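One structure coming up, written as structure tokens, with questions to follow.
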């Protein structure tokens, strides 16, 4: 078996585990059935499997595995599963079911996009382009992807809050209102609000540090801290959106729906920042373009 086949096997196994784990989380959320092993066991398996993939890719390519879109997507999927356990231990020990119902499908979606959408040639390990042959690669890109994972999860908690507080957004309004009394929903809404705030508070400093490290790297490589590259511009816009979120959250004492709307906007801008440049194929950060 070739190294490429081994990598595909690991990625496909992680996809299968995440798919089953997502079904288990959603099934338990809907019916509260019993299961003989901890439901987060699948997330642990997926996390370890993706970690092994990254190690194998690192060994094969002889550089940190964040040089193209395929590697960054799978690093993001691994970061989401890692984020699940960080958030669980720090903020959500008693409500892992809600947490896993969001983190598992998020990691699954990213894994599926990398596995089934990208062309084969983009999945292959390739030598680093000259611009990426720097020790800053590990620090800058890993910080950015880790920040994306926490900001994605924090924003999705806000999306879930908006769905619960606005029944018209639900796919099944009648079922929502008959199965969950308004009084019973309030603790969940407060939990999601607090969880979103804390998770975004985890991701925002990572994003800030990632942008600053990228500026230092750019100055060393091209003699300029900032060049208004499309990725840089959208990263700044994304940073500003979440900065606005924390401004109103901390200074105006906003809670509930208002900050959740801002976080949801941040979720959209984050994806434009992450994938938009790759779709356009322009700028210094377009090495992962998949068209």
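Every residue gets a Cβ built from N, Cα and C, even glycine.
A TrEMBL annotation is a machine prediction, not a hand-curated record.
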Can you identify, from 172-193, 260-281, the stretch that TrEMBL calls transmembrane segment?
260-281
Can you say which of 77-96, 97-116 is given as transmembrane segment in TrEMBL?
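Going through 77-96, 97-116 one by one, TrEMBL flags 97-116 as transmembrane segment.
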Between the transmembrane segment (260-281) and the transmembrane segment (9-27), are there at least three Cβ pairs closer than 8 Å, leaving out pairs fewer than 6 positions apart?
no
Between the transmembrane segment (97-116) and the transmembrane segment (9-27), are there three or more CB pairs that fall under 8 A, provided the residues in each pair are separated by 6 or more in sequence?
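Result for the transmembrane segment (9-27) with the transmembrane segment (97-116) is yes.
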Which residues of the same chain, at least 6 past either end of the transmembrane segment (97-116), have a Cβ under 8 Å from a Cβ in it?
11-12, 14-15, 18-19, 21-22, 25-26, 28-29, 39-40, 42-43, 46, 50, 69-70, 73-74, 76-78, 80-81, 83-84, 87-88, 152-153, 156-157, 160, 188, 191-192, 195
As a test of reading the model: what is the averaged pLDDT for the domain 'Cytochrome c assembly protein' (66-285)?
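Over the domain 'Cytochrome c assembly protein' (66-285), the predicted model scores a mean pLDDT of 84.
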Looking only at residues six or more beyond either end of the transmembrane segment (136-164), which have a C-beta under 8 A from one in the stretch?
63-64, 66-67, 72, 75-76, 79-80, 82-84, 87, 98, 102-103, 106, 128, 170, 185, 188-189, 192-193, 195-204, 206-207, 209-211, 213-214, 216-217, 220, 235, 238, 242, 256-257, 259-261, 263-264, 266-267, 270, 274
